[in-house]
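Here's the structure, in structure tokens; my notes come after.
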Amino acid sequence: MSEKHPGPLVVEGKLSDAERMKLESNYLRGTIAEDLNDGLTGGFKGDNFLLIRFHGMYQQDDRDIRAERAEQKLEPRHAMLLRCRLPGGVITTTQWQAIDKFAADNTIYGSIRLTNRQTFQFHGILKKNVKPVHQMLHSVGLDALATANDMNRNVLCTSNPYESQLHAEAYEWAKKISEHLLPRTRAYAEIWLDQEKVATTDEEPILGQTYLPRKFKTTVVIPPQNDIDLHANDMNFVAIAENGKLVGFNLLVGGGLSIEHGNKKTYARTASEFGYLPLEHTLAVAEAVVTTQRDWGNRTDRKNAKTKYTLERVGLETFKAEVERRAGIKFEPIRPYEFTGRGDRIGWVKGIDNNWHLTLFIENGRILDYPGRPLKTGLLEIAKIHQGEFRITANQNLIIASVPESQKAKIETLARDHGLMNAVSAQRENSMACVSFPTCPLAMAEAERFLPSFTDKVEAILEKHGIPDEHIVMRVTGCPNGCGRAMLAEIGLVGKAPGRYNLHLGGNRIGTRIPLMYQENITEPDILASLDELIGRWAKEREAGEGFGDFTVRAGIIRPVLDPARDFWE
């Protein structure tokens, strides 16, 4: 597929301004420390506005009141989003209690947002609280380093509670990969943790002085679950086990979902299989993929800079051979693996270690005390008594992990009393949205605030057609950057303008096919009318066990995307 249009290894031309910024930043320091003391604005100025992203933060404002503040001649209400580095989504109950307190005491919204990258975010951190949040995280063994911008982001790992030993091994590799690919600059420690400046020169042996051309995402996957949506990621290690023990990984490279509306040089792409590698080569291969993308990725056009575009430009075999050369290995043929699903199994599951795991459905990952459903308080009370850990899933849910039989009833009572185990439909469990309005500066349409009521309407359609217990993997993302992973859904809505979305159909339940645009720039009533007709047909005409996405392809309703670089827009 990728050998059709091999191009230059390096794209020549004028570098993007982001490259200048990184080069001049003194290894990500900029003037952030000085800017922190500027009380005349609630935001960060100049390059610092972008540099703080390398430190795990985005500058945002409340878009619900932006126009009102402008009328009053006030600057936007600037506040930061902070995203924690949490490989595999594992967090101790001590850490949870600390983040709960910070959210309550020091953020505008008072909530904790679980993300589909297995971590948590704080929204609404005022500038005066930015340094304290980093220091709070450090005090409990956490940080926000490299969770945004042109680095290897938070490393995902399947939250599989059944295969306890395999999960433990895979999780250790997720942590090792995360640590190995971290930036070496001391900027984070100097600015946020008040560590002394050292006379030595900074070096970045893996990432380089200008870091990566674009964001880079990595996963460790344990089949048959594809809960982490490997095809949304640049580099994926698929666990291969023998007799229940991890022996190596299949490597898949070049997935990614972000596009730009109308820009046919951009496309969503599934990851390509490179081959199998024994465990001992994991870090060398991870480094080789990252450094190849570092050196060959497009630094002249950020919209064409991700690994998926590099792979298409130079050709899969060329990229693979370079990874082999740098890692000093030859990939073995891909070992057999298959995926059967990617949803979370809500409720109690017993692990092979005889401990119990309770997966709680958290709609859109937003942890807050709602009227009659004090979710945030409930999780805090569980954290106070639970001796195990919490695991954040890539479906924005939360697992109370490793609960001994003796504690099970007590934890279930707390969960039920706080509305954490309320019954929800299969459709709601399989629906997801990004944050979007009011805090995301890129949002074009509502997502998190739109999805709950939209799901109600889709549930009504399923009931109308006699299949109330069925589900369709449904995702809403507020803009084409695609944080809601709509480009791997059976029904994907991509925000185009307030109240308007592009409707994508034809993905599948296991997340291995990109959905094609079916209708463009349509309103909610139009979307529901289309879904009513198509779900009605699915209910009547489907084959045994056939998911909605597979049905739309088989019935000729939508053409499957087979070669995204060439047929995503056709």
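Note that Cβ sites are derived from N, Cα and C of the backbone, with glycine treated the same way.
According to Swiss-Prot, the feature [4Fe-4S] cluster binding site maps to C434, C440, C479, C483. Annotation source Swiss-Prot lists siroheme binding site at C483, citing sequence analysis.
Here the features listed in Swiss-Prot are painted onto the structure.
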{"residue": "C434", "record": "[4Fe-4S] cluster binding site", "DSSP (3 states)": "coil"}
{"residue": "C440", "record": "[4Fe-4S] cluster binding site", "DSSP (3 states)": "coil"}
{"residue": "C479", "record": "[4Fe-4S] cluster binding site", "DSSP (3 states)": "coil"}
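Cβ proximity to the [4Fe-4S] cluster site centre (mean Cβ of C434, C440, C479, C483, cutoff 8 Å) flags the following additional same-chain residues: V435, S436, L442, A443, A447, T477, G478, N481, G482, G484, G495.
Around C479 ([4Fe-4S] cluster binding site), the same-chain residues at least 6 positions away in sequence with a Cβ under 8 Å from its Cβ are S436, C440, L442, A443, M444, A445, V494, G495. A C-beta separation below 8 Å, combined with a sequence spacing of at least six in one chain, links C483 ([4Fe-4S] cluster binding site) to N116, C434, V435, T477. Here the binding-site residues are C434, C440, and the one ringed by the most other CB atoms within 10 angstroms is C434.
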